[in-house]
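Features of the protein shown, as given by Swiss-Prot:
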| type | residues | note |
| --- | --- | --- |
| BINDING | His122, Tyr126 | heme binding site |
| REGION | 132-170 | region 'Disordered' |
| TOPO_DOM | 1-7 | topological domain 'Cytoplasmic' |
| TOPO_DOM | 29-170 | topological domain 'Periplasmic' |
| TRANSMEM | 8-28 | transmembrane segment |
Amino acid sequence: MTRKKRRLILIAACGSVLALAVGLILYAMSGSIVFFRSPTDIAKQAIAPGTRLRLGGLVKDGSLRRGPDQTVDFAVTDTNETVEVHYKGLLPDLFREGQGVVAEGVLEPGGQFRADTVLAKHDESYMPREVADALKAQGRWQEGGPNRGGPAPKPATAAADSTLGPRSER
């Protein structure tokens, strides 16, 4: 066997082992991959009930309803479509109506979403691009985050607010 032929066989064997390793890794991860969807994606695509996914958008104003035993119902919207969400548990401190949210759970028959994890958006990095684009088109978005229709509140400082107490300078 010539040196060139041995090298070719070695390269082919290494390539086969690498392809097998990548295939096994992807197969092992396929059960834990959770796809991200917006309410419009859920409405337009035929997603089977029981499918595990992440739902992202804004908590619709006026949709938050608290029930017994820490149950919470609310609606997530991307300004085009809305999905009803049912969640049992403690909500994050930053969770409120009009705020961005990502909920992970299962799509149930009838289009309702049963969430087992809710994450509140605290900066624009959690906002899905489609939702941010829709908010920009409606004029509800300014650079740095959604626009609530008024100026941003000024931060409270000891010098500006006497209720915080005197400012000590050393």
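Cβ coordinates are placed from backbone N, Cα and C, and glycine is handled just like the others.
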Number of helical, extended and coil residues in the topological domain 'Cytoplasmic' (1-7), per DSSP: 5 helix, 0 strand, 2 coil
Integer mean pLDDT for the topological domain 'Periplasmic' (29-170): 76
